[in-house]
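**Student:** Handing you this structure, nothing more for now.
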Amino acid sequence: MSSFTHFNDQGRAKMVDISDKKATVRTAIACSSIVVTKEIYDKISHNEIGKGDVLAVAQIAGIMAAKRTSDIIPMCHPLLLKGVDVSFDWKQSDEQYRLLIEVKVKTEGSTGVEMEALTAASATALTVYDMCKAVDKGMIIGETYLLEKTGGKSGDYARKS
């Protein structure tokens with residue numbers, strides 16, 4: 001097992017020094033979802049939620065979250081992101097309406113963007129919940145996970161189905 005990199009010689013937390021790492025193009029895709037009622041699905045689809053356009057606001061929240069990840073994840077380095085894309089797709093089955101969220105993040109730097117993608121996916125789902133909770137508080141935020149990543153010393157990763 002490799003040694004922990006986020007502890008100093010005194011056993012206290014530290015931010016890892018990445019100054020010797022080569023800057024490369026790095027990408028990450030993270031996913032999340034939220035299950036809503038038919039009523040919420042209809043209201044989102046017809047832009048009838050009182051707080052505004054749910055998907056537009058959630059998309060912007062996801063982008064903002066990716067940019068601010070280092071403010072809420074203690075050992076995360078601040079990064080200059082090259083791009084963040086938040087997309088949505090509906091999956092419907094037997095009166096269940098699941099909003100699928102996919103976030104793609106890209107940078108050119110010395111560390112990966114997995115945490116930025118995961119944070120953005122989470123914030124996007126949370127924003128949908130916040131905007132729709134006046135209609136129904138029983139929404140369920142689903143699993144949030146890394147789908148794939150490219151670049152860096154550890155190489156590429158693709159989640160197995």
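Every residue gets a Cβ built from N, Cα and C, even glycine.
Feature list, courtesy of Swiss-Prot:
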type	residues	note
ACT_SITE	Asp130	active site
BINDING	Met75, Cys76, His77, Met115, Glu116	substrate binding site
**Student:** In sequence order, which residues at least six apart in the same chain have a CB under 8 Å from the CB of Glu116 (substrate binding site)?
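**Tutor:** Correct list: Ala28, Ala66, Lys67, Thr69, Cys76, Leu79, Leu81, Val84, Val105, Thr107.
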**Student:** Based on DSSP, name the secondary structure state of the residue listed as 'active site': helix, strand or coil.
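**Tutor:** In the DSSP reduction, the residue listed as 'active site' maps to helix.
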**Student:** Of Met75, Cys76, Met115, the binding-site residues given in the record, which has the fewest other CB atoms within 10 A of its CB?
**Tutor:** Met75
**Student:** Rounded to the nearest Å, what's the C-alpha distance separating Met115 (substrate binding site) and Asp130 (active site)? Just drop the number here, would you?
**Tutor:** 22
**Student:** Would you list the other residues of this chain near substrate - those whose C-beta lies within 8 angstroms of the C-beta centroid of Met75, Cys76, His77, Met115, Glu116 - in sequence order?
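**Tutor:** Neighbours found: Thr69, Ser70, Ile73, Leu79, Thr111.
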**Student:** Roughly how wide, in whole Å, is the group Met75, Cys76, His77, Met115, Glu116 that binds substrate, by largest Cα to Cα distance?
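**Tutor:** This binding site's residues have a maximal Cα-Cα distance of 12 Å.
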